[in-house]
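Per TrEMBL, the features are as follows:
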- 1-51: region 'Disordered' (REGION)
- 78-98: transmembrane segment (TRANSMEM)
- 118-138: transmembrane segment (TRANSMEM)
- 145-164: transmembrane segment (TRANSMEM)
- 170-196: transmembrane segment (TRANSMEM)
- 208-229: transmembrane segment (TRANSMEM)
- 241-260: transmembrane segment (TRANSMEM)
- 281-301: transmembrane segment (TRANSMEM)
- 321-342: transmembrane segment (TRANSMEM)
- 354-373: transmembrane segment (TRANSMEM)
- 379-399: transmembrane segment (TRANSMEM)
- 419-435: transmembrane segment (TRANSMEM)
- 441-460: transmembrane segment (TRANSMEM)
Amino acid sequence: MSPPEQSDDPTSTTSVACAPEDPVGRVDVPAPRSAAPETAQPDTAVPGEAVPGTAAPAAVVTELPAATAAHVGRGGRVVGAVLAVLAVATIAVNLRPGATGVGPLMEPIVAAYGQGPAASGLLTALPCLAFGALGLLAVPISRRLGLTGSIVAAFVLSGVALLLRPGAEVFWLFVALSVLALMGPALGNVLVPAWIKLHGGRRTVGLMTLYSVVLAIGGSAGASLAVPLAGGAADGLRGSLLFWGAVMALPIVVWAVALTRTGHDFPPAPPSAGRAGGPRASLLRSPTAIALTFMFALQSLNAYTQFGMLPQILSDAGISLARAGMLVGVIAGWGLVGGLVMPTVIARAPGLRFVVASFGALTTIGYLGLLLAPTASPLLWACVLGVGGFAFPTAIALLPARTRSPQVTARLSGATQPVGYLLAAIGPILAGVLLDATGSAAVVLWFLAGTGVLLAIAGFRAGLPRIVDDELAG
């Protein structure tokens with residue numbers, strides 16, 4: 001197929017305009033000279049690079065109506081509503097259980113391999129380290145395979161690793177398979193928001209709400225079901241770990257179907273991508289991007305320390321391990337409410353600085369409650385920490401809400417989440433060191449309470465009504 005014909009007017013665009021409060025923003029694609037039936041560019045063209053024989057950057061050219069132009073892949077076919085809902089729901093439910101299902105089983109896992117507290121700290125920090133390091137590969141991989149293709153490939157690897165992990169004979173093989181099992185979630189964290197931005201069209205807010213809600217369901221289910229799935233059988237631990245490997249087959253099938261419709265669907269480069277100060281400028285120029293990075297880091301630090309170490313802390317305070325796992329599930333379960341509420345709130349109210357800051361304050365209050373009265377009302381403190389955890393669906397929803405171009409969304413997600421997770425890994429490691437050195441859970445809780453204050457500060461800045469595209473162009 002020959003390259004698309006370029007317009008005589010280099011500034012001519014077909015715009016998909018949305019209301020100011022709609023996080024979909026505007027999608028600009030070059031307008032063709034004539035209404036040719038075939039307008040997709042060659043599969044070899046890379047967004048942002050020159051098409052051979054032209055001076056213009058490669059871009060997806062389309063004459064579809066504005067209502068559908070925003071959610072057509074390079075394959076030229078629309079991702080239908082039913083397929084989009086199934087794709088988002090099945091992928092979201094599988095992004096957290098591989099990580100959250102380990103925490104309640106931490107003691108028997110570590111004991112089975114004859115390891116000590118250092119191994120617990122490593123396994124607790126592993127999701128953050130993997131999400132950070134592997135997440136940095138998401139954008140380069142998706143340039144080659146497309147957003148949908150990258151997710152399919154990564155989840156195939158993760159599913160195989162989850163099925164093999166329970167049979168690991170030595171601890172380091174268990175760790176290696178755990179890292180591979182986190183490959184799919186690591187890429188999914190970065191690419192799914194960009195996929196929704198690209199293919200969601202006017203359904204973006206609804207799909208982001210679904211994503212946040214089902215993500216919380218998966219995280220809560222992983223923690224809550226870990227001990228019950230293990231049961232009392234001798235091989236119960238193995239069965240509990242195998243369960244989520246079997247569940248991961250579902251998104252692989254759904255996304256493979258989606259791949260047949262989207263083709264190579266990496267977002268096209270905006271017209272100004274090559275200009276100084278344009279969307280390709282360093283994200284360090286954007287205060288909003290920096291604030292979102294620290295917000296992700298501090299929220300994830302708390303979440304994964306809770307998943308990995310809070311059951312042990314509560315158990316040391318006299319709460320049974322099964323109940324401790326359920327309380328962590330309650331904390332994660334509050335993400336359902338946050339996932340339902342926050343995307344719509346963000347879409348309708350551009351300025352949310354005090355609301356977002358309050359999540360950090362509630363996080364601090366929850367830890368202080370566990371510190372001062374751990375057994376008096378643990379469910380209350382779990383609920384307070386759960387509402388503080390609204391910071392996560394808020395941060396996820398802010399990615400498309402604080403950007404216009406799908407490519408800037410992908411860049412923001414591809415930098416904010418991996419860097420945030422790498423910074424977050426400090427939390428579980430430091431918490432493990434503090435617990436090992438002092439033997440006191442109180443020291444860990446004081447440390448976590450302090451991170452809630454920092455989360456409030458970062459959330460206040462991220463909640464300001466600013467657009468990253470504008471900050472990069474300024």
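Note: Cβ is positioned from N, Cα and C throughout, glycine not excepted.
Heads up, TrEMBL stuff is auto-annotated, nobody curated it.
Two recorded stretches are said to be in contact when at least 3 C-beta pairs lie under 8 angstroms, sequence spacing 6 or more; the transmembrane segment (281-301) and the transmembrane segment (145-164) fall short of this definition.
As a quick check, the transmembrane segment (354-373) and the transmembrane segment (379-399) clear the bar of 3 or more Cβ pairs under 8 A, pairs 6 or more apart, so the two touch. For the transmembrane segment (208-229), the list of distant contacts is 23, 85, 88-89, 92-105, 192-193, 196, 200, 236, 239-240, 243-244, 307, 321-322, 325-326, 328-330, 332-336, 338-340, 342-344, 392-393, 396-397, 400: same-chain residues at least six beyond its ends, Cβ to Cβ under 8 Å. Residues 73-74, 91, 94, 98, 138, 177-178, 180-188, 191-192, 194-195, 198, 241-242, 244-246, 248-249, 251-252, 255-256, 258-259, 262-267, 410 of the same chain sit 6 or more residues outside the transmembrane segment (145-164) yet have a Cβ under 8 Å from a Cβ within it.
Proximity of distant same-chain residues to the transmembrane segment (241-260), defined by a Cβ-Cβ separation under 8 Å and at least 6 residues beyond the stretch ends, is recorded for 75, 79, 83, 86-87, 90-91, 93-94, 97-98, 101-102, 105, 146, 148-149, 151-152, 155-156, 158-159, 161-163, 165-166, 181, 184, 222, 225, 229.
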